[in-house]
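Structure first, commentary second.
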Amino acid sequence: MDIDNSILIRVVLLGDYCVGKTTTGFVFDGKQFDFSRNCNIGVDFFVKHIVVDNQCVRLQVWDTGGQERFKTITRSYFRNTSCCLLFFSVDDQKSFENIDMWYSLAFEKYDLLNYPVVLVGNKIDLPQEKHVITKKMAEEWCKNQQTKLNLKFSIPYFETSAKNNININEIFYSAAELGLKNIVFKNNNNNNNYNNNNKLNGNKEIQNEKNKGMCFIL
């Protein structure tokens, strides 16, 4: 793994209080976590190096923890974000309904409308009778957002369990992959804009030179 040439991908974890964002981050980072502890309050981040499509990625994961309870998330928090993991709990109807609010917060208020997002339905280890949000409902939400907002990236959906380590690596690798694609997309756009601007400037210079050499008969 060539860490010196790694690409920085910044991922933000969003969602309601106590849906398992912090626990999921701990499990992915390989740390021991006390599942009986109280929900996290504050902001924390960790860095982990992974390989995606033969590219070394420096994955910087930012966890909003319980900060959303106090509505103190600021624009600067989302600066240089590459991708967002949007969480709800499969046993909590309200947390699923609130993903629209979180989506609006991150992708409209903070001008990140076309940034990639991965939808995460956590706590699938709970007994089936406690599940109130089905996979079909979540995938339908993803499809509707894609169509309604004409997003350049589709929204993948994963069902996860931090407790049983189900699909935890998958969601972060998916976020990193989408983040890389977003970087390529933005670089291509910047190059196109640069070339177009150069072409326009070049045409203006040519026209100016022509104007300088013109003879006007009065």
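Cβ coordinates are placed from backbone N, Cα and C, and glycine is handled just like the others.
Swiss-Prot annotations:
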{"type": "BINDING", "residues": "15-22, 63-67, 122-125", "note": "GTP binding site"}
{"type": "MOTIF", "residues": "37-45", "note": "motif 'Effector region'"}
{"type": "LIPID", "residues": "Cys215", "note": "S-geranylgeranyl cysteine"}
{"type": "MOD_RES", "residues": "Cys215", "note": "cysteine methyl ester"}
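Within 10 Å of the C-beta of Lys21 (GTP binding site) we count 28 further C-beta atoms, all protein chains included. The Cβ neighbour count for Ile124 (GTP binding site), using a 10 Å radius over every protein chain in view, is 19.
For Thr64 (GTP binding site), the count of additional Cβ atoms within 10 Å of its Cβ stands at 24 [all protein chains shown]. Mapped onto three states, the DSSP output places Ile124 (GTP binding site) in coil.
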